[in-house]
Ligand code: NAD
Ligand code: LMR
């Protein structure tokens, strides 16, 4: 029997991530090849005509799984009954801008959209915040939508996770699908800590630890971390636009694993509300290694943390606490 359609909201749908993301959702990349979807696309009035153009293209592409398209500039209409909300709308960072520069513009959007989601979305709606500052926008959304369970509000660090997998695969000249269990700790920013301490590569001789295979501490603690931390800025420099296809694809990975589950023995990175695990202060949206089952994520417990990792994990937590304070000062 055919499944009932799932309603998926994409805010900022006329923007460049939106343009890459909506066809992926309509093709089943996010929710699976047998899951019909109804797309709800929100943008602001100056982008209404472009948004309608995206709707026209979605119709023209004749996606078999796509059972309806709502394209609107009305936030209440956009949020009505949605089961999944991918929050991309906002102002992107331009060349030379720090992420803090986009803070004041974006946190006020997230406060008002929190209320709309709370009022109009389906009760168990899963929320993924992509727009920067992603962790802090998600935190503001959580705080201003108190009736949405906090475990349903997450932010995207899967792009950083995938970037780390990509760097290890290039360095070791192995297939990216054979690399697993990297971790992104903390903020989706240049203080994030990409950690390969626990990651492995599947080889013909079994699972091998990445640190032993790389065998270059200086690179793992230096060049590797910096490349992943700075990859967003490097893309902006190269394209004069921020990452879009990789962000859209990683957003699909995030929701797919959350809804369908992570494969046995594999963890992924998600920005989630800290419960104090690994001594990360509660009250922040912080990226942790998680596994997902039955639509719920859980933080992977019991990983050993050395002194180098501890310092990096604390530094990114401090930045998040500063961002939180700054966000509140922008809202007041
Ligand atoms: P873009 O400017 O191309 O698109 C943003 C869209 O949001 C625009 O169409 C704009 O009109 C719309 N918008 C603005 N205010 C809105 C509002 N109040 N409600 C609904 N829509 C609104 O930007 P983009 O390149 O698509 O990037 C979107 C966001 O994602 C940026 O904040 C960017 O920094 C962020 N980003 C995050 C990651 C990540 O990994 N977390 C990766 C890449 C980009
Ligand atoms: C990215 O990681 O590509 C985006 O968050 C863009 C940015 O501002 O770094």
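Easy rule for this one: first residue shown is 1, then count along the chain.
Every residue gets a Cβ built from N, Cα and C, even glycine.
For the NAD(+) site, TrEMBL gives 12, 13, 14, 15, 16, 17, 18, 43, 130, 131, 132; the one candidate out of 83, 106, 162 that the record lists there too is 106. Close to ligand 2, meaning a Cβ under 6 Å from one of its atoms, are these of the binding-site residues 16, 106, 132, 163: 132.
Only 16, 132, of the binding-site residues 16, 132, 163, place a Cβ under 6 Å from an atom of ligand 1.
Averaged across the domain 'Lactate/malate dehydrogenase C-terminal' (157-325), pLDDT in this predicted model comes to 97. Around the Cβ of residue 131 (NAD(+) binding site), the same chain contributes 11, 12, 87, 88, 89, 90, 92, 106, 109, 110, 137, each under 8 angstroms and 6 or more positions distant in sequence. Cβ neighbours of residue 16 (NAD(+) binding site) (same chain, under 8 Å, six or more residues apart in sequence): 241, 242, 244. Taking only the Cα positions, the spacing between residue 163 (substrate binding site) and residue 14 (NAD(+) binding site) is 25 angstrom. For residue 132 (substrate binding site), the nearest of the recorded positions 14, 18, 188 in terms of C-alpha separation is 188.
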